[in-house]
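**Student:** Take a look at this one; I'll ask things after.
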Amino acid sequence: MSHDNQDIHILKCRLEGLVDNAQAWRLKSELEKLSDVERLDVNIDKRLIRIITKRPCSVSEFQPIAEKCGLALLPFKITAVQDNSSFSGVEKKRSAQVSIGGMHCRSCEITIERKLGELPQVNKVSVNADKGLAHIVYSGEPLGINVMQEAIGEYGYRILGLIHDTSKGGQRRDSVGGEDIRRADKPSWRQLVGLFAVVIFAGSIFSRLGWLNSGINIGTAASFGAVFLIGLVAASSSCLAVSGGLLLSSAARFNERYQSASAMARFRPVLMFVSGRLLSYFVLGGVIGLVGVALSPPPLVTGIITIAAALYMFVMGLEMLHLAPFWMKNLLPRLPKFLSHRVVDAGEQTHPFVPFLLGAGTFFLPCGFTQSLQLYALTTGSFWTSAIALFAFALGTAPALLALGWASGSFRGKLGQWFFRFSGAVVVILGLWNIQNGMAITGYPINLSHLVALRSSAGERLDAQDANVVFDGTRQIVSMTVTNDGYSPDNFTLQQGVPTRWEIEAKDLGGCLSVIQAPKLGLRQRLNAGLNVIEFTPENAGTFAFSCSMGMYGGEIKVVNS
């Protein structure tokens, strides 16, 4: 086909009703048979078709052919290329760099890349949440800020400025108020004090009610209620943007294919999606726990991993509050972005079972909450413990997914901003709490009361008999009880060099309380219901910490000179 001595006209259309690739290729084949068609290109991912013709053509001329293929053409843009000698069939590509506010994590990057990528003139998008920038390669007319804002605004993101655009000779063009918007995202110190005060007060109330106890007899090391709460927080953040988008897209495609289905039948893909998510988090969470069993990490390694997961949550919480510096955000590990895009691409399929598989695939989507819990699951060394912990998290996100259809307008504007800040404060507190737990696992708990009155017990003598320790003439016997509330007593004094019998009556063995450890004494034992006995001889004087396997409950053994 030649372009000499004739005008070339380009007709761009959206493809409505596209179910599979075969439809698109059939339409392409049929249109190429027309004498006026010079060339056409189909972008299945964006559902776009570009038809290059010798004369001006309208959509109505091609509509009958599209209908035979089960499709409908919606006009997008018509242009004419007058200089045929330079026409190559490929529009000139340009690039733009855009500043975007409201991003927090890799999930935000994927959401924005996909939404901006749906714009017809956009060829490629690369987003960096840490820098708050998007690099866009496009063809055709220059990108408008309003068009981009419309594409991502419903997800809570804001176009702060068009920094660089080659269509304008590389000129810098900033939108008004970009820096003001950035500063507005950061709460003042008064607001921060109020946020953390509310979080700490709420946490103390939940603790008194027993909602944060780890002693729930379902095998969970971290409390079911605490992890469920993390799931609720994650569901209110951008972490669920990709999963929610997958749910909506798969449900929409199911309903498009089965338009005559009843209301209950239309809700089926939603239930399948959530069911797949719950099942995968349970099974794959358990598998991670089994990996931990195979590795059998010592308390020091377990503590370090726990601290790493806690630091991850801490930094993520600071980022949610827009307080994390750039260097700190770079410390966070990142999953390959292509894996997440692969999972999201599967949402284009229409098989009735696809929603279930998509829900299961969300286990691999980037979410700081999920990754920190996966890291935690590795330390449990138990299939059931890690499986139920991840299941509790997925269950916490389930209400938001189930209500996504009617609650899409919730938590927006000022309310959404404050709720997100509150969530960030919760994550920061959880991170700090788990840092303490990790230190306890390693045998070096952070105890503020001891920091105030720090003194070494080495060289001390036993001035009074410890009421919790009985000496039978040859050995000292310690009696301790384990309940849902922890250890009782949780501290006692022993004499150096004297054989010791530690009798532990386990009344409740929920979660991490099923294991007791004192790393600096070389002790670690899994407890059974009833009486458990640990025998050892304290060789050195000093103060030695003991705790459950995750450091959530602990106590101290003070060893003094005989």
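Even glycines carry a Cβ here, placed using N, Cα and C.
Residues annotated as domain 'HMA' in TrEMBL: 94-160. Taken from TrEMBL, the feature transmembrane segment applies to 192-211, 223-249, 270-295, 301-327, 356-377, 383-406, 418-435.
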**Student:** Under a Cβ pair cut-off of under 8 Å, which of the recorded stretches 270-295, 383-406, 418-435 contacts the transmembrane segment (301-327) most often?
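**Tutor:** Ranking 270-295, 383-406, 418-435 by Cβ pairs under 8 Å to the transmembrane segment (301-327) puts 418-435 first.
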**Student:** Using DSSP, break the domain 'HMA' (94-160) down into helix, strand and coil residues and give each count.
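**Tutor:** Helix, strand and coil residues of the domain 'HMA' (94-160) number 23 helix, 25 strand, 19 coil.
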**Student:** Let me know the model's mean pLDDT on the domain 'HMA' (94-160).
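**Tutor:** Mean pLDDT for the domain 'HMA' (94-160): 81.
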**Student:** Counting only residues 6 or more past its boundaries, what in the same chain has a CB within less than 8 Å of a CB in the transmembrane segment (418-435)?
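**Tutor:** Same-chain contacts beyond the flanks: 187, 191-192, 195-196, 198-200, 203, 226, 229-230, 233, 236-237, 306-307, 309-321, 369, 411, 446.
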